[in-house]
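The transmembrane segment annotation in TrEMBL covers 96-116, 137-166, 186-209, 253-276, 288-307, 314-334, 340-360, 380-401, 465-494, 506-527, 533-560. Positions annotated as domain 'CBS' by TrEMBL: 712-776.
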Amino acid sequence: MDEGNHSASNLPLRRESGVDIENLDLLDGKERENTTTYGEPLLTKRKNTTSQIAIVGSNVCPIESLDYEIFENELFRQDWRSAKKSQVFQYVVLKWAFALLIGLVTGLVGFFNNIAVENIAGFKLLLTSDLMSDKKYYKAFAAYAASNVGLAAVAAALCAFIAPAAAGSGIPEVKAYLNGVDAHSILAPSTLFVKIFGSILGVSAGFVVGKEGPMVHTGACIASFLGQGGSRKYHLTWSWLRYFKNDRDRRDLITCGAAAGVAAAFRAPVGGVLFALEEAASWWRSALLWRTFFTTAVVAIVLRVFIQFCTTGNCGLFGQGGLIMYDVSAASATYSVPDILAVLFLGILGGIFGSVYNYLVDKVIRTYSIIHEKGAAAKILLVITIALLTSCLSYGLPWFAVCQACPTDESVSCPTVGQSGNYKSFNCPSGYYNDLASLFLNTNDDAIRNLFSTSTTKEFHISSLFIFFAAVYFLGIITYGIAIPSGLFIPVILAGACYGRLVGRLFESISALDTGLFALLGAASFLGGTMRMTVSLCIILLELTNDLLLLPLVMLVLLISKTVADNFNKGIYDQIVKIKGLPYLEAHAEPYMRHLVTSDVVSGPLVTFSGIEKVGRILDALRTTGHNGFPVIDEPPFSDAPELSGLVLRSHLLILLKGKIFSTDRVVCGAEILRRFAAFDFAKAGSGKGIKLEDLDIEEEEMDMYVDLHPITNASPYTVVETMSLAKAAILFRQLGLRHLCLVPKSQGRPPIVGILTRHDFMPEHILGLYPHIKAH
């Protein structure tokens, strides 16, 4: 939906539109007005003065912005003045109570995910190994492949039929939401349900995906669900939770949820806070830092309690691990000049591999989106095909590995039978193990644990590491983008740890570092090369591995890999945001914006209302436009000259019209509105709960009556002069978290408002559509 009409001139609306509504994944079959498309256009058609773009290989969705601005109208001021100390105290207490609730629920969900994956995947792998030990190789493959395909098909069906928005990582969507983008259904209860169970089934099906990315989305969905007081659609509502009826408070809750998701996924509470700060949130303040830290601390306590409970053996195949997932602290972390050279080499390698990975993932997602347009059956068939390919490679490639003799150390179990471990016998005789099977026929977490294992330099043959790296790199690329919840962290850590170990073997003669530590540094370099994060990744890896002595090297390798990769393309999440067509506002303005002023990009015509307006004219404007903001202008006799009274929202107009406080004469009747309504009546409803135009029942004789808009008009909207540079306005718009920015004329004697800037006006697609001669870079 467009956010507001833009210019006082009668220019044609030059939006990038003309999209086939039936092919929109996020619409759930419901038609929405004024669909706006963003994302890199692959096929452009121009007709006369209106630009139409058909995007091939890119998702398109109708976009609205969130109201992060405090709407200061008369109702708000009345509510603020009448607030008692007890109400303010209740509000503060509820904020912390919500942080506690989000931490508790996210911690429980994270633990449930771990138990479910370990047990489902564990039983599947045990069945396969039992058949292998009985020399029933074909039956073992049939059981392994059938289990994977069955689990994958169920996960795909959940995504295709219940919640298409649950597919993928979810981090780009959460990042876009916290930037102010209200994409349809990304935080819906159905998305939460599919995200949890789809992620469990997808990871258990043996795909090269992780459950860590989806946990961030899950935490955000939990926070959104609690923040809006449950779901009326699913009859899960609690009146005492319906306190935060504005996007500003919900944004803070969802930031806490995203941080809790990382903390639950990696058991890294501090890393979760830093992830929310560095990658997820577009706005931050010290009060939010306290609450996110409290939320992640609650998650850590919940996980600790339940993991301690599992040490008694009551969790099935779930291991006895603690909060440290991959402990490498046993290895000596002393290093010298040759080790620094090896780290520099790893950083460069990670930057190159990461940028190539991002480029290929981009192409694969665009290709898959064309397949997804063919319907649910095509989505499920694609998932089954990838599941079969993954099963064939996971089971087939270990046959090419050479059996290796078990280590003489009696403290290790070799070959490993009936549990996770470094030494899988597969097709090898007694006393030998298959190193490739130890990586492929394990859960992804156990495979990483094997690669990170210290004091095991010769455990994996060099050829086996090459084969595993190539397979994981390839499978990670082709798996991301299919219709299952899938995280990118684990595939990237797997591939990075693999080539890290290879580099460790290469520098073995001159380096004193353990190959397990090289695997950790390789994982860090690949993460830096794909995701382009530094501080949060550094802390997450340290919390994962419990090795503070390696901090300088991890910092160095992350900085180098990010710097190298930034020369080629953007981070993976930024690319996916663009592919999904989400109008994300960057922290910096594009260089070409310095050569334009704000009035250069507005388009119209502008629709304004008088302070006291006819009901019929308001209804006509609501029916014929999809705008969410309308300027209100006072004219004589209510003012000495035409002046901008403020801005009124579509949602507030609908509520006011529903209340039917009309008058036959054009007179001020704000007192009656203030008496009948409270600020809470105009608070934002949850998704799909607000009043729609069809809900209004306006009689014919009421169409010529008047309604006073002053009580619901934001009397202090943000305004800028029409000659301000577009670059300056873009930074202002993002930093203040605005939905509408009013343009006022520089000179007197003109209408009091020139136009309205919205998020869409700052998008490169819109600007370059208006001025095609401008170079984008």
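Every residue, even glycine, has its Cβ placed from backbone N, Cα and C.
Only sequence-distant pairs (6 or more apart) were considered; of these, at least three Cβ pairs between the transmembrane segment (137-166) and the transmembrane segment (186-209) are under 8 A, so the stretches are in contact. Within the same chain, the transmembrane segment (340-360) stays apart from the transmembrane segment (96-116): fewer than three Cβ pairs sit under 8 Å, each pair at least 6 residues apart. Among the recorded stretches 96-116, 186-209, 380-401, the one sharing the largest number of Cβ pairs closer than 8 Å with the transmembrane segment (465-494) is 186-209. Secondary structure of the domain 'CBS' (712-776), assigned with DSSP and counted as helix (H, G, I), strand (E, B) and coil, comes to 23 helix, 12 strand, 30 coil. Away from its own ends, the transmembrane segment (96-116) comes close to residues 196, 199-200, 204, 211, 215, 218-219, 222-223, 226-227, 244, 253, 256-257, 260-261, 263-265, 291-292, 294-303, 306-307, 310, 315-316, 318 of its chain (Cβ-Cβ under 8 Å, at least six residues beyond either end). Confidence annotation: the domain 'CBS' (712-776) carries a mean pLDDT of 91 in the model.
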